[in-house]
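K.L.:
Input: one structure, supplied below.
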Amino acid sequence: DFLCISLVNGFTQLRYNLGDRTVILQTLQKVHANGNTWHSLNAGRVGNEGYLDLDGINVTRKASPGMKALDTHTDFFVGGVSSLNLVNPMAIENEPTGFTGCIREVVINNRELNLTVTGSKGGANIGDCDGTHCGYAVCKNNGTCQVENSGFSCSCPREWTGTMCEQSIYCSQNMCGSHALCIPQPSSLSYTCACTLGWTGKYCHNKIKFYIAKFVGNSYIKYTDPFYGKRDLQYSRLSLNFTTNQTEGLIAWMGKSEDEDNDFLAIGLANGTLKVVINLGERISVPLMHSKYFTCSDGRWHFITVVQNQTCIKVYLDEELILFEDIDPQRKYTALNYGGICYFGGFEIGRKVNIVTIGLFQKEFLGKIKDVVLFQDSKKIQLMKAEGYNIHDGNSGN
């Protein structure tokens, strides 16, 4: 399998192969070869349908039905490759040759690549394209860059300050402690402090321990499973206790959540009903809901266990089996490759639940979680030793 973008006789071409045949898309207009015109290119695929957009002019084409996943496990190359024999002969029209020109702002699945010495795995024969100290996007938050004798300066919009407009004016005089992030609140011309795990208080100066995690909003826990390398990923299991009076919320997300093709197991609430979603590959997300149970938002403790036995999923609520389904009788994908990452309550600050989960869940979790057990482990995981923000002690009244 491959996905390749190239220049062919002045036209931009997208070629991809999902395992059966190569699909070729070519732009309708040529690229300016004068060396000083920037072009905006959007290319990719949704399932087996490819799209290629150059400066707003779009072409699309579908591959033959059947194959829908791009199975690639190689490095990502920009502008050339380390060895020409890495290039599939079908990926380009002519003999492979390196790109000459400028490339900036490469975004893969909503994540921008850091095209620098420290941000890349390797490279060769790369120079600064802009040639000035301003470069690309030096000034953050729509700041304007001016070249000066000693380097550059940024002219910042009204609500931003700092040498690169990186700091909100509402956080410039903040009193948040060293274990906190300052979150600007423009609507109230103020800020709030987001406390890292183990700290609480208005300015995050108070140290706490907890066994019950209380999620109060803008909260999440990210746990890295130390035993991931030894797990049998065809037989996964996640159990926990939770309580909430909210009808919407993401309780747990077992998976990396970095791009749309990551496997995951998710537990949450939708309209007060328990919702479990599993993706073992190809983004075939199968939502499992049980309409009989509208009692999960009643402020009581509920015990949930989700068991994955290859493609068979069992869901227990308060020790009663409420769902049992084979999500793929064809057994095409049978392992939950979750990357050893588990999120509880939501995702990193700034990452909205409805966007990361592509609408599967609408909001972060507000409530309490305790007694989290992965697989058949004899011990509960220690949530205190994870990373996260805005977690209170669920035992106390705060």
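Even glycines carry a Cβ here, placed using N, Cα and C.
Please treat TrEMBL annotations as automatic predictions, because they have not gone through curation.
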K.L.:
Between Cys165, Cys171, Cys193, which residue forms the disulfide that TrEMBL gives for Cys176?
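P.N.:
Disulfide partner per TrEMBL record: Cys193.
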K.L.:
Among Cys156, Cys182, find the residue that TrEMBL gives as the disulfide bond partner of Cys165.
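P.N.:
Of the listed candidates, TrEMBL names Cys156 as the partner.
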K.L.:
According to the record in TrEMBL, which candidate from Cys102, Cys171, Cys182 pairs with Cys129 in a disulphide?
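P.N.:
Among Cys102, Cys171, Cys182, the cysteine that TrEMBL links to Cys129 by a disulfide bond is Cys102.
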K.L.:
From the candidates Cys182, Cys195, select the one that TrEMBL records as forming a disulfide bond with Cys204.
P.N.:
Cys195
K.L.:
State the count of C-beta atoms found within 10 angstroms of the C-beta of Cys193 (disulfide bond), not counting that atom itself.
P.N.:
23
K.L.:
Expressed to the nearest Å, what is the distance separating Cys193 (disulfide bond) and Cys165 (disulfide bond) at their Cα atoms?
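P.N.:
Each residue's Cα considered, Cys193 (disulfide bond) and Cys165 (disulfide bond) end up 20 Å apart.
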K.L.:
I'm checking region-level scores; what's the whole-number mean pLDDT for the domain 'EGF-like' (167-205)?
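P.N.:
Residues in the domain 'EGF-like' (167-205) carry a mean pLDDT of 89 in this prediction.
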K.L.:
Could you check the disulfide-bonded residues Cys129, Cys195 and say which one's CB has the fewest neighbouring CB atoms inside 10 Å?
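P.N.:
Each of the disulfide-bonded residues Cys129, Cys195 was scored by Cβ atoms within 10 Å; lowest is Cys129.
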